[in-house]
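K.L.:
Next up is a structure, given as structure tokens.
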Ligand code: ME8
């Protein structure tokens, strides 16, 4: 059995509809999950919604509805977005599920059993927008003498009875973790930021609230507990292990949340602290295995500007997908943005990228080659043919691109992976121009046969390799090419070539263009 691979996105606050930043995270994670499945790994890929907390409570009250009703409505839009974007999650978790409440209470009890929870009184700053506590020294000055969180969100002075988690106790264990596992936090810039924060000393963390009740109840045993709900981040982070079977299914836990397991969290740069300080500390306290890596991706900006409701530049991912195509959007986001950096999107940029790479380079290559075979050779490749060193050279090039693609995807670098793939697409286009199979038809049919067979195989491999990025289009192309499902796996990435001639089922249907050329509308300029 292959080694399990556990991959998660952050779970989104369903206090509004999903935006393109949510779509970006889902798409990047999906490409990684699909890639690992293709490599034969036993993948568990989870995403979902983070439904408790003050932000949800306040948004719902402002709309005159119950938080549960808000969560039910909005969570469905996130699921709808995932399905529309072809996100291959194995589990869509909602933190309001009973199984998740059980898991959160179980980790609480484990932390308590370890002596890490105590009752006290919280007095300090809280940002509802970030659902985060801040030290006085972290705040920045806003307009009119107001104080703001380091993220620029409003903070309010909060005084409440609260349970505390002994985070201070974990300062050294956390620093030891970062030293022992240098890849625990990626990219490096975020690692440095977190190390400085932890080196600066950790205060104990307030982990329960009493001023509202929309959350997971703190488990009983103490008289005062009944009125406490957990701080939303305690339950939110626990979602990852709920999906892995905690606490009811130890067998599943042993598979997907094991010591030394390949467990990767994909999150945005604004929530790295929660995932690399609080979360490993909770897990250490509860004596549970730690994830292998937390990757903090960058933010997506609209034409270089931060998206905000008040500016009115929050893009609806479903509209973008409808306008440009799901795979065009996926391809754009993954190729254009270096994973870990911020990126910018605009209609021109999406159209430019989709037209140049997908329509003109790859689509055209496939279209030219396959329609030639379909029209002139009745959809079947003749056997034999006169080979030339150029054929082997192209094969080597495409095989090398498969290996480079795999290495980059394995290292969470989709834009580099796509670059390697694109180089091989260019090599095929150079080959087709140099070999000019349509001219060979009359002058040297034997040579034409070998050229077409080489191209057919190269295009097949390129389509197989790129499946994690543009799954629907790659599948449609492979279907048209008559490549059987069992030939679409890692063998192509490892450099194997599918031999259509030895397959009796080989039939090529007349190809349909996969990537229509997109035009910029006047309003989009
Ligand atoms: O933070 N570009 O939820 P969320 C790219 N519930 N990514 C972005 C982005 C942008 N413009 N805006 C947000 C939460 N994100 C918590 C997470 S996990 C246990 C709990 C990313 O809905 C953001 O960084 O505010 C996060 O990873 C994800 O979208 C959900 O953000």
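Glycine is treated like the rest: Cβ placed from N, Cα and C.
Automated prediction, rather than curation, is the source of TrEMBL annotations.
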K.L.:
In TrEMBL, one of 1-11, 12-22 is tagged motif ''HIGH' region'. Which stretch would that be?
P.N.:
12-22
K.L.:
Between the candidate ranges 306-310, 311-315, 316-320, where does TrEMBL place the motif ''KMSKS' region' annotation?
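P.N.:
Range annotated as motif ''KMSKS' region' by TrEMBL: 306-310.
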K.L.:
Per DSSP, what is the residue tally for the domain 'Methionyl-tRNA synthetase anticodon-binding' (381-487) in helix, strand and coil?
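P.N.:
Result for the domain 'Methionyl-tRNA synthetase anticodon-binding' (381-487), in helix, strand, coil order: 85 helix, 0 strand, 22 coil.
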